[in-house]
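K.L.:
Below: one structure in structure tokens.
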Amino acid sequence: MSLLAPEWTAILYLIAAVCFILALKGLNSPRTARRGNLIGAAGALLAVVTVFLSSRLENIPLILVAIAVGSAIAAPIARRVQMTQMPQLVALFNGVGGGAAALVAVLELGHSLDAWVRVAVVFTMLIGAVSFSGSAVTVAKLQELITTRPVIFPGMRWVMTAVLLASIVAGGFVVATGSAGWAIALLLLGLAAGLLLVLPVGGADVPIVISLLNAFTGLAVAASGIVLGNLLLVVAGTLVGASGTILTRAMASAMGRGVSGIMFGAFRGGSTAGSTAQSDRPVRSSGPEDVAVLLAYAQRVVIVPGYGLAVAQGQHTIAELATTLAARGVEVDFAIHPVAGRMPGHMNVLLAEANVPYESLKEMAEVNPEFKHADVALVVGANDVVNPAAKSSPGSPIYGMPILEVGQARQVIFLKRSMRPGFAGIENELLYDPKTSLLFGDAKDSLTKVLGAVNAL
Amino acid sequence: MDPITLLTVVVLAVFVGFEVVSKVSSTLHTPLMSGANAIHGIILIGAIIVAGQTTETGLLVVALIAVVLATANLVGGFVVTDRMLGMFRGRKPATDAGEGTK
């Protein structure tokens, strides 16, 4: 009862694949990004309609109900979620996609398949399961359901090795026999591997892991396309796998890290671990009133927002502070580090949401020469992205990462929760500089107090 | 499907995938990741095919779970990406010209 001839099906799938390519292409530039995303969605819709028209399907009512349920769950969450929680949501969607790919592969195993297709089944199940459980861990870390610090236990490396070897053995049995029991064992091993892979990753590196798992899910989808003999899945999955890999590398290099260092650093007892040690060197701590005076009587203020601002949900308060200062005749700019926030580009989204005009958001290359003309650099909840160690000490884990040169401003004010080092776990010399003053506390509370003090002047 | 044809398709898709994102500015990394994430939600058509071929109840339940998960990935992915990008409105064209130089 299929309504479409195979040739038409293939052509419609080809159009959908082209839509996906145009979608990724469109996402390259802010002007075309939204349209690109819509083209991608249109391609997906076309593909789903095509599959209903082209295959001989049973259970169509139940499938439609399942689609309705999935949409009814996902769309409202996607619409309402706080923008600060958006990375978790992307991770969540990525994880369920990986899970779906793994389930599809398991179910296909019941059909008689060539041995080489069963290799694709094994690959889909393993990678899909890794992506599912790995994404679950990233969600838990970002939501702070579990610690954001690397979780490592003695012998973890050996457990990981054992799990990987066992996966190869189980995968071999699945290829040879097609047995369901081995397939379930393989799924469980994949889930364990995902946990072991992501638990040792420190909080600051989690976004890169999300991107990597995103590429993984793409590869799992591509492999599932081989299993089902569906070229659209092969093309779409491969596109995501390839672009996701490039994106992961680009994100890692913007943070001055290597991908393998992030994934395996903690296993080697290396760089992602981060220390919680606090130094007892003297710093100049000041009150909200002092900060207010410095800001209100400055000519130029550059605000450097960071992760702490996003966590404290302080973006609306800082937008208000910027407006208030501007009304007093102070020139206010925001300096956005490429990796400010939770993910590259995240801070732009957060500040855009708080209605900070786009013109006052300046990118690093544009704003760095301007710091020397600034009276005050106000660093809110950022640390590593302004740490001069990235330029001056070659031994430092962040050495080579481009930074915002706030040290060139006449005065530097840090709003920080504590003297704890940033996620990279390294001391920031700038905190001890005589021209630096610190206001401790939650970013939003501190900003509210400073705003009140400015208004009272 | 013929393995060689598949290999051809995969290799070409890899290069297209590399090419389309090679020059993206860091501002758009997050939406791009989210958009790519939505695209792999197309596993939905795999889940639909599997669910449509199953007659056994237990397997059908698993397949329908896969359909729900894949739909969440596909629909949620595109919606959240659109929402994110909706916030980039009012961006001056002059600014993106400068981004390519980084």
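Start at 1 and count along the chain as shown; that gives each residue its number.
Using N, Cα and C of the backbone, Cβ positions are placed for all residues, glycine too.
Sharing the feature lines straight out of TrEMBL:
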type	residues	note
DOMAIN	A:11-451	domain 'NADP transhydrogenase beta-like'
TRANSMEM	A:6-24	transmembrane segment
TRANSMEM	A:36-54	transmembrane segment
TRANSMEM	A:60-77	transmembrane segment
TRANSMEM	A:89-109	transmembrane segment
TRANSMEM	A:115-137	transmembrane segment
TRANSMEM	A:158-176	transmembrane segment
TRANSMEM	A:182-199	transmembrane segment
TRANSMEM	A:232-252	transmembrane segment
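Help me understand the surroundings of these features in the structure.
P.N.:
Beyond its flanks by at least six residues, the transmembrane segment (A:36-54) meets 2-4, 6, 8-9, 12-13, 15-20, 22-28, 60, 67, 232 of its own chain at Cβ-Cβ distances under 8 Å.
Distant neighbours of the transmembrane segment (A:60-77): 48, 52, 89, 93; these residues of the same chain sit at least 6 beyond its ends, with a Cβ under 8 Å from one of its Cβ atoms.
Among residues of the same chain six or more beyond the transmembrane segment (A:89-109), those with a C-beta under 8 A of the stretch's C-beta atoms are 74, 77-78, 81, 118, 120-121, 124-125, 127-136, 138-139, 142, 174, 178, 180, 183-184, 187, 190, 210, 213-214, 216-217, 220-221, 223-224, 227-228.
Sequence-distant contacts of the transmembrane segment (A:115-137), counting only residues of its own chain at least 6 positions beyond either end whose CB sits under 8 Å from a CB of the stretch, comprise 91-92, 94-106, 108-109, 146, 167, 171, 174-176, 178, 183, 186-195, 197-199, 209-210, 213, 216-217, 219-221, 223-224, 226-227.
Beyond the ends of the transmembrane segment (A:158-176), by six or more residues, the same chain brings 109, 115, 118-119, 121-122, 125-126, 182-183, 185-186, 189-190, 192-193, 196-197, 267 to within a C-beta distance below 8 angstroms of the stretch.
Taking Cβ pairs closer than 8 Å, the transmembrane segment (A:232-252) reaches residues 13-14, 16-17, 20-21, 24, 47, 207-208, 211-212, 214-226, 258-259, 262, 339, 343-344 in its own chain, all 6 or more past its ends.
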